[in-house]
Amino acid sequence: MGRIAVSAVVLLTALLGVTTPAAGAAPEETTSGGTASGAVERGASEPGAVEPGAAEPGAAGWTKHCEFTPTPDKPAAKPVRPPHPTAPAKGTATAVLDTNYGAVVIRLDRSNAPCAVHNFTHLVRSLFYHHTQCFRLTNSARLGVLQCGDIHRVEEGGPGYRFADEVTGRETYPRGTVAMGNQGPGTNGSQFFIVHSHANITPAYSVLGRVVHGMDTLDRIVAAGIADGAQDGLPRHPVRIHWALTLPF
């Protein structure tokens, strides 16, 4: 089946709301304990911390005011403006990432992290993730994630702004979870990670949603391994995002 046909099947699956977990991929309950190296840990926000001026996650109301603060010392790696400060706070959205290993369909939960989802969909629609590379893969007993969203290399190349964490301190990160990466409190930008196995990390990362189709794509990436046989580093073979889109168009 050609790429266009495969993409059409994936898009139809997303539109119909069909979820297709990989064989044997039942979500694992995890507990926060210990931390991990890299952006999925370094300088992580305190669990339950809410940045000044930020509403509580899941607050009542149909919208939430978000503050996207420019980072002149870290300019945008691609031409992109900050999102509108008013974010929808109800409902779901669907994003599709087409990679050289296959497609991944993500169901985004606005009520859980309105600003993070609003930012993610904005970056997708701004073509920020088009023709980018996922520079980090981890596969240890404590942390198994694919990290994407950096334009130049790990932790380098963001959108030129940052925004607050949306966490309660009760977050868990089972297989299939998609969450924001950060380098400390209130440093969210374009970086995100997908949990391919488990992530026993502190609840300091805003949860965007979860993969509803394409965990087999993650499994293929993991099977290909990490450079130099390490447990944390560059994927052995480049993982490229050809394009990303949100549904409905």
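Positions of Cβ are set from backbone N, Cα and C atoms, glycine also.
TrEMBL: automatically predicted annotations, no manual curation.
Feature list (source: TrEMBL):
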type	residues	note
COMPBIAS	23-34	compositional bias 'Low complexity'
COMPBIAS	45-61	compositional bias 'Low complexity'
DOMAIN	98-241	domain 'PPIase cyclophilin-type'
REGION	23-91	region 'Disordered'
SIGNAL	1-25	signal peptide
Across the domain 'PPIase cyclophilin-type' (98-241), DSSP labelling yields 25 helix, 57 strand, 62 coil
Could you tell me the mean pLDDT over the domain 'PPIase cyclophilin-type' (98-241), as a whole number?
97
